[in-house]
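J.: For reference, the structure I am asking about is given below.
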Amino acid sequence: MTHASYYAAMLLLMSSMHWLGSSLASTPLQLSATADEVPAIINSDPPITYLSQRPVLQPKESSPPKFLYTLRNLQGKVCVLADMGVEFVVRENKKKYYFNVNPSYTRVTGFCGGQKSVFSLEFDGGHLEFTFIKEGDLSYVSNVKGLLKPVPPCKNCQNKTYVGVVSHDKLFKAKNGLSFNCKSQTTLILASFLKVKLVPLQIQAFGLANGAFGKEVECWEDYNKRMIPIILGAVAAAICLIAILTFVLVRERRNRGYEQL
């Protein structure tokens, strides 16, 4: 290679490098993320306001949202149905605080058995678990367990976990194939500092034909609410009838007395 050719090649190389540098400075470098290199999210639209749905206790009570919760076995068949609203009541420093379970952040877990089924509502910061027992032609809930770990009410407050259980009982009894129904408020005292309110409530395990509730068994509270007005009305009608008959008899006796004179 002659000196002239060498200098020409060097000049061409330097010109190419200058052009490449100018192009890189004007055009941003694009990188593609691999499976192990996920880009970080700097901004989101809409903005993320919280990362957790842990329970936040409220000073005032409100009606919990009602939802139909379903538990299925491995074959996809419905084995437990619960249509209800769930409210936790916490007693702290002689004050009451409330938390309503949000169905949007709740999932159903458990298992289905021939004589025993476990149905649990799981959410971030707590759960509510029912144990169903089948005994002869009767089914009932033998245990209810509750756990609530709410967000601390203040910045320097400690995290607290409230745990309680109702055990060795026969709750929500119904014959197999029937559902227990209660429109009135059902309160379960899990501990001195923890209660659970279920309102309204329709629940059934075992014998769910076509995955639907069976005929309803009315709870005692609903029966009283329905029958007491009828009984009071009948008593009031009876009292009125007795008063009318008494008035008529007294009047007839007075008339007879005047005739004798």
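Numbers run from 1 along the shown chain.
Quick reminder: no glycine exception, Cβ is built from N, Cα and C everywhere.
OK, TrEMBL features for this one:
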- 1-25: signal peptide (SIGNAL)
- 68-208: domain 'Lysosome-associated membrane glycoprotein 2-like luminal' (DOMAIN)
- Cys182-Cys219: disulfide bond (DISULFID)
- 227-250: transmembrane segment (TRANSMEM)
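Show me how these features fit into the structure around them.
T.: Around the Cβ of Cys219 (disulfide bond), a 10 Å sphere holds 19 further Cβ atoms from the protein chains shown.
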J.: So, by DSSP, how many helix, strand and coil residues make up the domain 'Lysosome-associated membrane glycoprotein 2-like luminal' (68-208)?
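T.: Helix (H, G, I), strand (E, B), coil: 3 helix, 93 strand, 45 coil.
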J.: Name, in the order they occur in the sequence, the residues of the same chain whose CB lies under 8 A from the CB of Cys182 (disulfide bond) and which sit 6 or more residues away.
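T.: When sequence neighbours closer than 6 are ignored, Cys182 (disulfide bond) has Leu198, Pro200, Leu201, Gln202, Glu218, Cys219, Glu221, Asp222 within Cβ distance under 8 Å.
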